[in-house]
Amino acid sequence: MEKWWWFNSILSNERLEHRYGLSKSMDSVNGIEYTKDPILNDTEKNILGWSDSSNYSFSTVDYLFEIRNIWSLISDDTFLVRDSNGDSYSVYFDIENQIFEIDNNSSFLGELESFFSSYLNRGSKNKYYHYMYDTQFSWNNHITNCIDSYLRFEIGISITSYISGDIVNYSDGYIYSFICTESVSSNESGSSSIRTSSNGSDFNMRENSNDSDINKKYRHLWVQCENCYGLNYKKFFRSKMNICEQCGYHLKMSSSDRIEVSIDPDTWDPMDEDMVSIDPIEFHSEEEPYRDRIDSYQRKTGLTEAIQTGIGQLNGIPIAIGVMDFQFMGGSMGSVVGEKITRLIEYATNESLPVIIVCASGGARMQEGSLSLMQMAKISSASYNYQSNKKLFYVSILTSPTTGGVTASFGMLGDVIIAEPNAYIAFAGKRVIEQTLNKTVPDGSQSAEYLFHKGLFDPIVPRNPLKGVLSELFQLHGFLPLNQNKKEN
(Lines of atoms letter the chains of each structure in order from A and count residues from 1; the text may use other names and numbers.)
(Lines give C-alpha, C1' and ligand atoms only; values in the text may rest on other atoms or scores of the structure.)
Protein backbone atom coordinates (compact mmCIF):
# COMPACT_ATOMS: atom_id res chain seq x y z
CA MET A 1 0.00 0.00 0.00
CA GLU A 2 1.50 3.30 -1.09
CA LYS A 3 1.96 6.10 1.39
CA TRP A 4 4.16 8.40 -0.67
CA TRP A 5 1.93 9.50 -3.56
CA TRP A 6 1.76 12.94 -1.99
CA PHE A 7 5.55 13.23 -1.89
CA ASN A 8 5.79 13.00 -5.66
CA SER A 9 3.05 15.57 -6.11
CA ILE A 10 5.37 18.32 -4.94
CA LEU A 11 7.68 17.50 -7.83
CA SER A 12 5.17 18.52 -10.48
CA ASN A 13 5.87 22.12 -11.44
CA GLU A 14 7.21 23.83 -14.52
CA ARG A 15 10.78 22.77 -13.72
CA LEU A 16 10.06 19.23 -12.57
CA GLU A 17 8.20 17.13 -15.10
CA HIS A 18 6.78 13.98 -13.51
CA ARG A 19 5.20 11.27 -15.63
CA TYR A 20 2.84 8.56 -14.44
CA GLY A 21 1.32 5.49 -16.03
CA LEU A 22 -2.40 6.45 -16.00
CA SER A 23 -5.48 5.14 -17.72
CA LYS A 24 -5.53 7.84 -20.36
CA SER A 25 -3.79 11.00 -21.48
CA MET A 26 -5.53 14.33 -21.62
CA ASP A 27 -4.82 18.03 -21.41
CA SER A 28 -6.90 19.04 -18.42
CA VAL A 29 -6.96 17.93 -14.85
CA ASN A 30 -10.74 17.67 -14.77
CA GLY A 31 -10.76 14.65 -17.05
CA ILE A 32 -8.92 12.32 -14.76
CA GLU A 33 -10.98 9.23 -13.98
CA TYR A 34 -12.07 8.16 -10.55
CA THR A 35 -10.37 5.28 -8.78
CA LYS A 36 -11.97 1.90 -8.28
CA ASP A 37 -12.16 2.37 -4.51
CA PRO A 38 -15.46 4.09 -3.65
CA ILE A 39 -13.91 5.66 -0.57
CA LEU A 40 -11.54 7.63 -2.77
CA ASN A 41 -14.14 9.01 -5.18
CA ASP A 42 -14.12 12.78 -4.84
CA THR A 43 -16.78 14.61 -6.84
CA GLU A 44 -14.38 17.41 -7.62
CA LYS A 45 -11.04 15.76 -8.43
CA ASN A 46 -9.40 12.41 -8.06
CA ILE A 47 -6.18 10.69 -8.91
CA LEU A 48 -6.37 7.48 -10.89
CA GLY A 49 -4.79 4.14 -10.10
CA TRP A 50 -1.57 2.82 -11.55
CA SER A 51 -2.88 -0.17 -13.46
CA ASP A 52 -2.87 1.04 -17.07
CA SER A 53 0.08 1.97 -19.20
CA SER A 54 -0.66 5.27 -20.98
CA ASN A 55 1.21 8.37 -19.94
CA TYR A 56 -0.05 11.64 -18.55
CA SER A 57 2.11 14.66 -17.74
CA PHE A 58 0.98 17.00 -14.99
CA SER A 59 1.81 20.64 -15.56
CA THR A 60 0.59 22.14 -12.30
CA VAL A 61 1.04 21.19 -8.72
CA ASP A 62 -1.94 22.96 -7.21
CA TYR A 63 -4.37 20.26 -8.26
CA LEU A 64 -2.26 17.49 -6.90
CA PHE A 65 -1.19 19.19 -3.73
CA GLU A 66 -4.43 20.91 -2.78
CA ILE A 67 -6.41 17.72 -2.57
CA ARG A 68 -8.11 17.96 0.78
CA ASN A 69 -6.96 14.49 1.80
CA ILE A 70 -3.34 15.62 1.92
CA TRP A 71 -4.07 17.38 5.21
CA SER A 72 -5.41 14.14 6.62
CA LEU A 73 -2.08 12.51 5.92
CA ILE A 74 0.69 14.72 7.22
CA SER A 75 1.20 17.47 9.74
CA ASP A 76 4.45 17.00 11.62
CA ASP A 77 6.13 13.76 10.61
CA THR A 78 9.58 12.45 9.76
CA PHE A 79 9.94 9.76 7.10
CA LEU A 80 13.04 7.75 6.26
CA VAL A 81 13.33 6.28 2.78
CA ARG A 82 15.88 3.97 1.24
CA ASP A 83 16.38 3.04 -2.42
CA SER A 84 17.44 -0.29 -3.89
CA ASN A 85 21.07 0.80 -3.94
CA GLY A 86 21.04 1.23 -0.17
CA ASP A 87 21.14 5.03 -0.21
CA SER A 88 18.93 6.61 2.44
CA TYR A 89 17.68 10.04 3.40
CA SER A 90 15.03 11.51 5.65
CA VAL A 91 12.14 13.84 4.90
CA TYR A 92 10.64 16.04 7.62
CA PHE A 93 7.29 17.82 7.16
CA ASP A 94 5.78 20.40 9.47
CA ILE A 95 3.15 22.14 7.36
CA GLU A 96 1.64 24.13 10.22
CA ASN A 97 5.00 25.82 10.85
CA GLN A 98 5.95 25.80 7.16
CA ILE A 99 8.98 23.56 7.58
CA PHE A 100 10.19 21.13 4.93
CA GLU A 101 13.62 19.54 5.43
CA ILE A 102 15.48 16.78 3.60
CA ASP A 103 18.69 15.41 5.07
CA ASN A 104 20.83 15.31 1.94
CA ASN A 105 23.15 17.69 0.09
CA SER A 106 21.83 16.94 -3.39
CA SER A 107 20.82 19.90 -5.52
CA PHE A 108 17.70 17.97 -6.40
CA LEU A 109 16.63 18.02 -2.77
CA GLY A 110 17.37 21.72 -2.65
CA GLU A 111 15.02 22.12 -5.60
CA LEU A 112 12.28 20.36 -3.66
CA GLU A 113 12.85 22.44 -0.57
CA SER A 114 12.74 25.68 -2.52
CA PHE A 115 9.58 24.69 -4.33
CA PHE A 116 7.82 23.52 -1.18
CA SER A 117 8.60 26.81 0.57
CA SER A 118 7.24 28.82 -2.34
CA TYR A 119 4.12 26.69 -2.32
CA LEU A 120 3.49 27.38 1.35
CA ASN A 121 4.14 31.08 0.90
CA ARG A 122 1.37 31.27 -1.70
CA GLY A 123 -1.08 30.74 1.14
CA SER A 124 -2.58 27.62 -0.42
CA LYS A 125 -2.72 25.80 2.86
CA ASN A 126 -5.46 28.05 4.24
CA LYS A 127 -7.99 26.72 1.78
CA TYR A 128 -7.94 23.23 3.18
CA TYR A 129 -6.57 23.80 6.65
CA HIS A 130 -9.80 22.61 8.25
CA TYR A 131 -9.11 19.17 6.88
CA MET A 132 -6.07 18.71 9.09
CA TYR A 133 -6.40 15.65 11.28
CA ASP A 134 -7.52 15.93 14.88
CA THR A 135 -4.45 15.81 17.10
CA GLN A 136 -6.31 14.05 19.89
CA PHE A 137 -5.90 10.79 18.01
CA SER A 138 -2.65 8.89 18.32
CA TRP A 139 -0.09 8.94 15.56
CA ASN A 140 -0.61 5.26 14.89
CA ASN A 141 -4.40 5.49 14.61
CA HIS A 142 -4.07 8.57 12.43
CA ILE A 143 -1.73 6.94 9.94
CA THR A 144 -3.76 3.72 9.91
CA ASN A 145 -7.01 5.58 9.27
CA CYS A 146 -5.43 7.64 6.51
CA ILE A 147 -4.08 4.56 4.81
CA ASP A 148 -7.37 2.66 5.10
CA SER A 149 -9.51 5.59 4.00
CA TYR A 150 -7.53 7.44 1.37
CA LEU A 151 -4.51 5.56 0.09
CA ARG A 152 -6.02 2.46 -1.56
CA PHE A 153 -4.34 3.40 -4.82
CA GLU A 154 -2.72 0.87 -7.07
CA ILE A 155 -0.12 3.49 -7.86
CA GLY A 156 3.60 2.90 -7.61
CA ILE A 157 5.36 6.21 -7.20
CA SER A 158 8.96 6.59 -6.15
CA ILE A 159 12.11 8.54 -6.69
CA THR A 160 14.85 6.93 -8.76
CA SER A 161 18.50 6.84 -7.83
CA TYR A 162 19.35 7.95 -11.37
CA ILE A 163 16.73 10.48 -12.49
CA SER A 164 16.24 10.43 -16.26
CA GLY A 165 13.67 11.34 -18.88
CA ASP A 166 12.99 7.76 -19.97
CA ILE A 167 10.34 5.42 -18.60
CA VAL A 168 12.03 2.60 -16.67
CA ASN A 169 10.87 -0.35 -14.57
CA TYR A 170 9.95 0.26 -10.95
CA SER A 171 12.41 -2.35 -9.72
CA ASP A 172 15.41 -0.78 -11.46
CA GLY A 173 16.71 1.60 -8.84
CA TYR A 174 13.57 3.17 -7.45
CA ILE A 175 12.97 3.68 -3.80
CA TYR A 176 11.46 0.40 -2.70
CA SER A 177 11.42 0.72 1.07
CA PHE A 178 9.18 3.30 2.71
CA ILE A 179 9.63 3.27 6.45
CA CYS A 180 6.22 3.85 8.00
CA THR A 181 3.69 1.65 9.81
CA GLU A 182 3.29 -0.77 6.91
CA SER A 183 5.51 -2.22 4.19
CA VAL A 184 5.31 -0.91 0.68
CA SER A 185 3.44 -2.65 -2.10
CA SER A 186 3.66 -1.89 -5.77
CA ASN A 187 2.16 -2.89 -9.10
CA GLU A 188 4.85 -4.35 -11.31
CA SER A 189 3.09 -3.24 -14.49
CA GLY A 190 3.46 0.45 -13.64
CA SER A 191 6.31 2.76 -14.48
CA SER A 192 7.42 6.24 -13.54
CA SER A 193 10.22 8.66 -14.19
CA ILE A 194 11.31 12.12 -13.18
CA ARG A 195 13.10 14.61 -15.41
CA THR A 196 14.58 17.81 -14.10
CA SER A 197 15.83 20.80 -16.00
CA SER A 198 18.01 23.72 -15.09
CA ASN A 199 18.51 26.66 -17.44
CA GLY A 200 16.84 24.70 -20.20
CA SER A 201 19.16 21.69 -20.09
CA ASP A 202 18.46 18.26 -18.65
CA PHE A 203 20.76 16.76 -16.09
CA ASN A 204 20.85 13.62 -13.95
CA MET A 205 21.20 13.57 -10.20
CA ARG A 206 21.89 10.88 -7.66
CA GLU A 207 21.09 11.05 -3.95
CA ASN A 208 23.86 9.84 -1.69
CA SER A 209 23.70 9.40 2.06
CA ASN A 210 25.36 7.37 4.76
CA ASP A 211 23.05 4.81 6.37
CA SER A 212 24.96 4.72 9.63
CA ASP A 213 24.85 8.50 10.00
CA ILE A 214 21.10 8.54 9.44
CA ASN A 215 20.58 5.65 11.86
CA LYS A 216 22.54 7.50 14.54
CA LYS A 217 20.69 10.74 13.92
CA TYR A 218 17.25 9.15 14.07
CA ARG A 219 17.80 6.32 16.52
CA HIS A 220 15.35 8.05 18.86
CA LEU A 221 12.71 7.28 16.20
CA TRP A 222 13.81 3.95 14.72
CA VAL A 223 15.26 0.62 15.82
CA GLN A 224 17.32 -1.16 13.16
CA CYS A 225 16.98 -4.92 12.82
CA GLU A 226 20.23 -6.85 13.25
CA ASN A 227 19.13 -9.41 10.67
CA CYS A 228 17.51 -7.60 7.72
CA TYR A 229 18.64 -4.03 8.65
CA GLY A 230 15.05 -2.86 8.30
CA LEU A 231 13.84 -0.04 10.52
CA ASN A 232 11.11 -0.41 13.12
CA TYR A 233 9.25 2.56 14.57
CA LYS A 234 10.43 2.87 18.17
CA LYS A 235 7.08 3.89 19.67
CA PHE A 236 5.49 0.61 18.60
CA PHE A 237 8.56 -1.60 19.05
CA ARG A 238 7.93 -2.52 22.68
CA SER A 239 4.31 -3.40 22.01
CA LYS A 240 5.58 -5.82 19.35
CA MET A 241 7.91 -7.46 21.91
CA ASN A 242 11.03 -6.25 20.05
CA ILE A 243 10.22 -8.43 17.05
CA CYS A 244 11.17 -7.00 13.66
CA GLU A 245 8.14 -6.15 11.54
CA GLN A 246 10.05 -6.84 8.35
CA CYS A 247 11.52 -10.31 8.94
CA GLY A 248 10.22 -11.49 12.33
CA TYR A 249 13.69 -11.53 13.88
CA HIS A 250 13.77 -11.45 17.71
CA LEU A 251 15.94 -8.53 18.81
CA LYS A 252 17.39 -8.14 22.28
CA MET A 253 14.92 -7.27 25.00
CA SER A 254 15.59 -5.58 28.33
CA SER A 255 14.87 -7.41 31.56
CA SER A 256 12.22 -4.86 32.53
CA ASP A 257 10.37 -5.35 29.24
CA ARG A 258 10.47 -9.13 29.64
CA ILE A 259 9.06 -8.89 33.13
CA GLU A 260 6.32 -6.59 31.87
CA VAL A 261 5.17 -9.02 29.16
CA SER A 262 5.60 -12.17 31.27
CA ILE A 263 4.26 -11.23 34.70
CA ASP A 264 0.65 -10.30 35.43
CA PRO A 265 0.13 -6.59 36.20
CA ASP A 266 0.57 -5.52 39.85
CA THR A 267 1.97 -8.90 40.92
CA TRP A 268 5.72 -8.25 40.55
CA ASP A 269 7.66 -8.26 43.83
CA PRO A 270 11.43 -7.81 43.26
CA MET A 271 14.07 -9.41 45.47
CA ASP A 272 17.53 -8.15 46.52
CA GLU A 273 17.30 -4.95 44.48
CA ASP A 274 19.99 -3.18 46.50
CA MET A 275 22.65 -5.88 46.20
CA VAL A 276 25.77 -4.52 44.42
CA SER A 277 29.32 -5.69 43.83
CA ILE A 278 32.11 -4.38 46.09
CA ASP A 279 34.91 -5.09 43.59
CA PRO A 280 36.26 -8.14 45.47
CA ILE A 281 39.62 -8.39 43.64
CA GLU A 282 40.04 -4.61 43.10
CA PHE A 283 40.19 -5.01 39.36
CA HIS A 284 41.52 -1.97 37.51
CA SER A 285 41.95 -1.81 33.76
CA GLU A 286 43.82 0.84 31.82
CA GLU A 287 40.57 2.19 30.41
CA GLU A 288 38.23 2.38 33.40
CA PRO A 289 38.17 1.08 36.99
CA TYR A 290 35.68 -1.71 37.63
CA ARG A 291 33.67 0.31 40.14
CA ASP A 292 33.37 3.23 37.72
CA ARG A 293 32.22 0.86 35.02
CA ILE A 294 29.56 -0.60 37.31
CA ASP A 295 28.35 2.90 38.17
CA SER A 296 28.22 3.80 34.48
CA TYR A 297 26.02 0.82 33.61
CA GLN A 298 23.80 1.48 36.60
CA ARG A 299 23.12 4.99 35.34
CA LYS A 300 22.67 3.80 31.77
CA THR A 301 20.24 0.94 32.46
CA GLY A 302 18.63 1.93 35.75
CA LEU A 303 19.56 -1.49 37.16
CA THR A 304 21.91 -2.39 39.99
CA GLU A 305 23.15 -5.59 38.34
CA ALA A 306 22.83 -7.78 35.24
CA ILE A 307 19.80 -9.67 36.55
CA GLN A 308 16.43 -8.90 38.09
CA THR A 309 14.92 -11.50 40.40
CA GLY A 310 11.57 -11.59 42.12
CA ILE A 311 8.20 -13.20 42.70
CA GLY A 312 5.12 -12.71 40.56
CA GLN A 313 2.19 -14.38 38.90
CA LEU A 314 2.01 -15.78 35.38
CA ASN A 315 -1.65 -16.11 34.35
CA GLY A 316 -2.48 -16.35 38.05
CA ILE A 317 0.21 -18.95 38.83
CA PRO A 318 2.73 -17.85 41.52
CA ILE A 319 6.30 -18.18 40.22
CA ALA A 320 9.87 -17.19 41.06
CA ILE A 321 11.65 -15.63 38.10
CA GLY A 322 15.08 -14.26 37.26
CA VAL A 323 15.66 -12.26 34.07
CA MET A 324 19.17 -11.45 32.88
CA ASP A 325 19.84 -8.19 31.06
CA PHE A 326 22.47 -8.14 28.31
CA GLN A 327 22.56 -4.34 28.36
CA PHE A 328 24.32 -4.45 31.75
CA MET A 329 27.95 -5.42 31.02
CA GLY A 330 26.84 -8.00 28.48
CA GLY A 331 24.77 -9.84 31.09
CA SER A 332 28.00 -11.15 32.62
CA MET A 333 27.71 -13.30 35.72
CA GLY A 334 29.57 -11.94 38.73
CA SER A 335 29.21 -12.58 42.45
CA VAL A 336 26.03 -10.50 42.75
CA VAL A 337 24.32 -12.24 39.82
CA GLY A 338 25.22 -15.65 41.25
CA GLU A 339 24.05 -14.71 44.74
CA LYS A 340 20.72 -13.32 43.53
CA ILE A 341 19.98 -16.45 41.49
CA THR A 342 20.96 -18.70 44.41
CA ARG A 343 18.70 -16.81 46.81
CA LEU A 344 15.85 -16.94 44.29
CA ILE A 345 16.12 -20.72 43.96
CA GLU A 346 16.37 -21.18 47.74
CA TYR A 347 13.27 -19.02 48.26
CA ALA A 348 11.38 -21.01 45.61
CA THR A 349 12.50 -24.23 47.32
CA ASN A 350 11.07 -23.11 50.66
CA GLU A 351 7.83 -21.83 49.11
CA SER A 352 7.46 -24.70 46.59
CA LEU A 353 7.29 -22.33 43.62
CA PRO A 354 8.22 -23.08 40.02
CA VAL A 355 11.32 -21.23 38.78
CA ILE A 356 11.96 -19.47 35.47
CA ILE A 357 15.38 -18.09 34.58
CA VAL A 358 15.70 -16.11 31.34
CA CYS A 359 19.32 -16.29 30.20
CA ALA A 360 21.04 -13.54 28.20
CA SER A 361 24.72 -13.47 29.03
CA GLY A 362 28.23 -13.44 27.69
CA GLY A 363 29.40 -15.68 30.54
CA ALA A 364 31.37 -15.22 33.74
CA ARG A 365 32.55 -11.70 34.57
CA MET A 366 36.31 -11.50 34.18
CA GLN A 367 36.59 -8.45 36.47
CA GLU A 368 35.78 -10.68 39.46
CA GLY A 369 38.16 -13.51 38.57
CA SER A 370 37.66 -16.95 40.09
CA LEU A 371 34.89 -15.60 42.33
CA SER A 372 32.64 -15.29 39.29
CA LEU A 373 33.51 -18.85 38.20
CA MET A 374 32.46 -20.16 41.61
CA GLN A 375 28.92 -18.89 40.96
CA MET A 376 28.48 -21.71 38.46
CA ALA A 377 28.98 -24.34 41.15
CA LYS A 378 26.95 -22.43 43.73
CA ILE A 379 23.90 -22.06 41.48
CA SER A 380 24.15 -25.66 40.30
CA SER A 381 24.21 -26.86 43.91
CA ALA A 382 21.09 -24.88 44.80
CA SER A 383 19.40 -26.11 41.63
CA TYR A 384 20.22 -29.74 42.49
CA ASN A 385 18.51 -29.43 45.86
CA TYR A 386 15.52 -27.72 44.24
CA GLN A 387 15.06 -30.24 41.43
CA SER A 388 16.34 -33.56 42.72
CA ASN A 389 15.52 -33.37 46.42
CA LYS A 390 12.37 -31.22 46.42
CA LYS A 391 11.16 -32.42 42.98
CA LEU A 392 10.18 -28.93 41.91
CA PHE A 393 9.96 -27.54 38.38
CA TYR A 394 12.60 -25.32 36.75
CA VAL A 395 12.26 -23.82 33.25
CA SER A 396 15.30 -22.31 31.55
CA ILE A 397 14.74 -19.88 28.67
CA LEU A 398 17.74 -19.28 26.40
CA THR A 399 17.74 -15.99 24.52
CA SER A 400 20.35 -14.40 22.30
CA PRO A 401 23.12 -14.53 23.31
CA THR A 402 23.59 -17.26 25.91
CA THR A 403 27.24 -18.23 26.14
CA GLY A 404 30.11 -19.12 28.46
CA GLY A 405 29.59 -19.97 32.11
CA VAL A 406 25.82 -19.47 31.94
CA THR A 407 25.52 -22.10 29.21
CA ALA A 408 27.81 -24.41 31.18
CA SER A 409 25.76 -24.13 34.38
CA PHE A 410 22.16 -23.17 35.11
CA GLY A 411 21.31 -22.38 31.47
CA MET A 412 21.29 -26.08 30.60
CA LEU A 413 19.93 -27.44 33.89
CA GLY A 414 16.23 -26.76 33.34
CA ASP A 415 13.66 -29.54 33.47
CA VAL A 416 12.41 -27.92 30.28
CA ILE A 417 14.84 -25.84 28.24
CA ILE A 418 13.19 -23.35 25.88
CA ALA A 419 15.02 -21.33 23.23
CA GLU A 420 13.97 -18.25 21.30
CA PRO A 421 14.07 -18.34 17.48
CA ASN A 422 17.49 -17.55 15.97
CA ALA A 423 19.09 -17.30 19.41
CA TYR A 424 22.89 -17.48 19.55
CA ILE A 425 23.72 -20.25 22.04
CA ALA A 426 27.26 -21.46 22.64
CA PHE A 427 29.89 -22.20 25.26
CA ALA A 428 32.72 -20.44 23.43
CA GLY A 429 32.26 -17.92 20.66
CA LYS A 430 33.10 -18.58 17.04
CA ARG A 431 36.22 -16.41 17.07
CA VAL A 432 37.59 -18.04 20.24
CA ILE A 433 37.08 -21.55 18.86
CA GLU A 434 38.72 -20.73 15.54
CA GLN A 435 41.73 -19.08 17.17
CA THR A 436 42.14 -21.84 19.76
CA LEU A 437 41.60 -24.93 17.60
CA ASN A 438 42.61 -23.37 14.28
CA LYS A 439 39.43 -24.75 12.73
CA THR A 440 36.63 -23.02 10.89
CA VAL A 441 33.27 -22.97 12.65
CA PRO A 442 30.43 -23.35 10.09
CA ASP A 443 27.99 -20.48 9.92
CA GLY A 444 24.77 -21.17 11.81
CA SER A 445 26.23 -24.01 13.85
CA GLN A 446 25.59 -22.07 17.07
CA SER A 447 22.04 -21.00 16.26
CA ALA A 448 18.99 -22.26 18.12
CA GLU A 449 17.54 -24.02 15.07
CA TYR A 450 20.72 -26.01 14.40
CA LEU A 451 21.18 -26.97 18.05
CA PHE A 452 17.51 -27.94 18.34
CA HIS A 453 18.00 -30.61 15.67
CA LYS A 454 21.00 -31.87 17.65
CA GLY A 455 18.77 -32.31 20.73
CA LEU A 456 20.42 -29.64 22.87
CA PHE A 457 17.13 -28.31 24.25
CA ASP A 458 13.38 -28.81 24.01
CA PRO A 459 11.08 -26.43 22.10
CA ILE A 460 11.81 -23.23 20.21
CA VAL A 461 9.06 -20.82 21.24
CA PRO A 462 8.56 -17.30 19.82
CA ARG A 463 7.86 -14.48 22.27
CA ASN A 464 4.22 -13.99 21.37
CA PRO A 465 2.89 -17.36 22.62
CA LEU A 466 5.58 -17.89 25.29
CA LYS A 467 3.47 -16.83 28.26
CA GLY A 468 0.70 -19.23 27.28
CA VAL A 469 3.17 -22.08 26.75
CA LEU A 470 4.67 -21.54 30.20
CA SER A 471 1.22 -21.43 31.78
CA GLU A 472 0.32 -24.79 30.23
CA LEU A 473 3.62 -26.33 31.31
CA PHE A 474 3.11 -25.24 34.91
CA GLN A 475 -0.45 -26.53 35.02
CA LEU A 476 0.72 -29.82 33.51
CA HIS A 477 3.15 -30.15 36.43
CA GLY A 478 0.51 -29.34 39.03
CA PHE A 479 1.05 -25.59 39.51
CA LEU A 480 -2.39 -24.05 39.23
CA PRO A 481 -3.63 -20.44 39.31
CA LEU A 482 -4.50 -19.10 42.75
CA ASN A 483 -8.20 -18.61 41.96
CA GLN A 484 -8.46 -22.19 40.71
CA ASN A 485 -6.84 -23.50 43.89
CA LYS A 486 -9.42 -21.62 45.98
CA LYS A 487 -12.30 -23.11 44.00
CA GLU A 488 -10.96 -26.66 44.43
CA ASN A 489 -10.50 -26.16 48.17
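Note that Cβ sites are derived from N, Cα and C of the backbone, with glycine treated the same way.
Annotated features in Swiss-Prot:
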- 185-201: compositional bias 'Low complexity' (COMPBIAS)
- 185-209: region 'Disordered' (REGION)
- 221-489: domain 'CoA carboxyltransferase N-terminal' (DOMAIN)
- 225-247: zinc finger (ZN_FING)
- CYS225, CYS228, CYS244, CYS247: Zn(2+) binding site (BINDING)
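Other C-beta atoms found within 10 angstroms of the C-beta of CYS244 (Zn(2+) binding site) number 21, with every protein chain shown included. In this view, the densest Cβ surroundings among the binding-site residues CYS225, CYS228, CYS247 belong to CYS225, judged by other Cβ atoms lying within 10 Å.
Residues CYS225, CYS228, CYS244, CYS247 make up the record's Zn(2+) site, and a Cβ search at 8 Å around their centroid adds GLU226, ASN227, TYR229, GLY230, ASN232, GLU245, GLN246, GLY248, TYR249 from the same chain.
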